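Per TrEMBL, these features apply:
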DOMAIN    1-386  domain 'RecF/RecN/SMC N-terminal'
BINDING   Gly28, Ala29, Asn30, Gly31, Ser32, Gly33, Lys34, Thr35  ATP binding site
Amino acid sequence: MIERLQISNLRNLTQVNLHTAACNVMIGANGSGKTSLLEAIFLLSRGKSFRHHQPKRYIQHHQHTATVHARLSDGNTLAIQKQADATTLLRLNQSTVYNQSILTEQLPTLLIDPSSMDMLEQGSASRRQLLDWLVFHMKQGFHPQWLAYQRLLKQRNSLLKKSKHLTHVQLAELRSWDKGLGNHAALIHHYRQHVFTKWQPFFADSIAQLLPSYAEQLSLSYHAGYDTDVALEVQLGERLEQDLQLGYTRIGNHRADIHVHWRSNDALAANDTMPPDKLPAGSGSKQVVADTLPILKEQAANVLSRGEKKLLITALRLSQLSLLLQTDATTQANTNENERVLTATPVVLLDDITAELDERAIEILLSTLAKLPCQVFMSSLTADITPMVNGLWSNPMMFHVKQGQVFPF
Ligand SMILES: Nc1ncnc2c1ncn2[C@@H]1O[C@H](COP(=O)(O)OP(=O)(O)OP(=O)(O)O)[C@@H](O)[C@H]1O
């Protein structure tokens, strides 16, 4: 848990120095710096911002570096300094470290950002990251495999991009990379699938709480990014010509995805909710259709309303946290699945939830978080949320954020 947080020159936060508690509420007007404060914690944990990839966007104007420093309750200190050219300096207990994953492990950070609709609707990258966050924190062996896979993939893609016809030497090199990719792929898929299977019931629980009318109707599926019945190495060899034409590697773990599906409860229910223009052609009266209509299946994003999508995104994140925290440490230690035992307290960042979720959803979310051994930082435009927070946490800290300065409330 973060006990003390220091931020320098990150957006409008010139110098911030805070003592923090298990629950921290940042209250302030638009543009006061609330999200920047959450961004700082995320940056320390993940080495990147959730808003912009380029450091020059979040380093304070006219400054060369942005720094975030935290002292944790276990005595460890973590620091990150970002320069405008993206050079990163990382420190753990005054020693320089060269791997962001060391800080990530010390400070697991989960952003619950209901407005991030792109997670459901755009490319697969953010959904893959969602799954990989969980896999990273649950499987010790995942990250090294993933790094090695990324390295080989980068080499392969740069060769594919360079030339449409390979020399014998290049072909031999590519074959050896494909072998390596195949070995890493099998393990990465194994870790992802194992974690995914554990995640599903937690997701179902969160849906039952946050979107009860969709309980039993929403489900997750995992796609490996390639046909896992055949070794990736073999498939890469078979489709080399196509990859050469494309100039990149089309299949593999880097194309993995998770989908959220919606299905009708039964044909009759589906019939009742379907507008007439969506009924199958020639279906005649509703009764006739009820007998013949198949169970409907769709991507959830095509069915849910905007507000429901926010609840779904919240359920995805919350269920990950519940799984991570409720996985019994002894079970983990006793299994042979290369499990990582979570030693640090996860930090949950809630950005402007009062603007995004209705009161019932906020209450479910906060009461679930208050029962979990995690630390919470949340931002809000108004102090309306304070009675609920005071009822759920003992001694929460309220801060007033004003023009980049943070004061105890
Ligand atoms: N690189 C930068 N240097 C200095 N200030 C910046 C930089 N980038 C953004 N800002 C300013 O930082 C301020 C804080 O923004 P932030 O998004 O943290 O506010 P917020 O309190 O979360 O607002 P809202 O409630 O509207 O979401 C904004 O006024 C913005 O103009």
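Backbone N, Cα and C define each Cβ position, glycine as well.
Counting other Cβ atoms within 10 Å of each Cβ, the binding-site residues Gly28, Gly33 show the lowest value at Gly28.
Taken together, the residues in the domain 'RecF/RecN/SMC N-terminal' (1-386) have a mean pLDDT of 90 on the 0 to 100 scale.
Taking a Cβ cut-off of under 6 Å from any atom of ligand 1, the binding-site residues Ala29, Gly31, Ser32, Thr35 reduce to Gly31, Ser32, Thr35. In the three-state DSSP assignment, the secondary structure recorded for Lys34 (ATP binding site) is helix.
The Cβ of Thr35 (ATP binding site) has 21 neighbouring Cβ atoms from other residues within 10 Å, across all protein chains displayed.
The secondary structure of Ala29 (ATP binding site), as reduced to three states from DSSP, is coil rather than helix or strand. Non-local neighbourhood of Ser32 (ATP binding site): Asn12, Val401, Lys402, Gln403, Gly404, each in the same chain, at least six residues away, with C-beta under 8 Å from its C-beta.
In sequence order, Leu381, Lys402 make up the list of same-chain residues 6 or more apart from Ala29 (ATP binding site) whose Cβ falls under 8 Å from its Cβ.
Fewest Cβ neighbours within 10 Å among the binding-site residues Asn30, Gly31, Lys34: that distinction goes to Asn30.
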